[in-house]
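> What Swiss-Prot lists as mRNA binding site is Y17, Y40, R109, A110, D111, W112, D113, R120, Q121, Y122, G123, R124, Q130, V131, and the listing cites similarity to another entry. The compositional bias 'Basic and acidic residues' feature in Swiss-Prot is assigned to 130-145. The domain 'RRM' annotation in Swiss-Prot covers 37-115. According to Swiss-Prot, the region 'Disordered' annotation covers 123-158.
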Amino acid sequence: MVFDPRTLDNPKEISAYRDQRYQGTVRDQETALRTSCTLYVGNLSYYTKEDQVYELFGRAGDVRRVIMGLDRFKKTPCGFCFVEYYTREDAELALQNISNTRMDDRVIRADWDAGFIEGRQYGRGKHGGQVRDEYRKDYDPERGGYNRAIAQKGGDRQ
């Protein structure tokens, strides 16, 4: 049986990830998610390179492009990317077979995205990276160490 997200009764089951700044109605966003060829990929190491993402996600089909997430101030990788495929079917294969696998010793997560728009490659946290990293309390060397608030206090070694 092939998974077809266009037949779901509950649109929230389509994607746990939602762009909070989506310009449009919830219904528009749900329609875009049901027909999109774009995946949001999170929990990447800050050291993961674009060619690594192409190589892994290319196993599922023809990748149109990869857009690496960047710290909006430093313009350095900040742990996420968007992967665009030419077809929905290839994106579905990637979602089914690559999400929750390891890349650079990290379990990555992929989910549907409504479609990349210029500017979304930049982190939205107040320090320029991802918001989720600003709430992280543990030390994570693959994602910049401590979050910046803890780092400014000298680290939380508990």
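Every residue gets a Cβ built from N, Cα and C, even glycine.
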> Within 10 angstroms of the C-beta of Q121 (mRNA binding site), what count of other C-beta atoms is obtained when all protein chains are considered?
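Q121 (mRNA binding site): 17 neighbouring Cβ atoms within 10 Å.
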> Please work out the mean pLDDT for the residues of the domain 'RRM' (37-115).
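Per the prediction, mean pLDDT sits at 94 for the domain 'RRM' (37-115).
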> Sort the residues of the domain 'RRM' (37-115) into helix, strand and coil with DSSP and give the three counts.
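Counting residues per DSSP class in the domain 'RRM' (37-115), I get 18 helix, 31 strand, 30 coil.
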> What residue among the binding-site residues D111, D113 has the most other CB atoms lying within 10 A of its CB?
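Neighbour-count leader: D113.
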> Tell me which residues of the chain lie with their Cβ under 8 angstroms from that of R109 (mRNA binding site), as long as they are six or more apart in sequence?
V41, G42, N43, S99, N100
> Translate the DSSP assignment of Q121 (mRNA binding site) into the three-state scheme.
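Its secondary structure by DSSP: coil.
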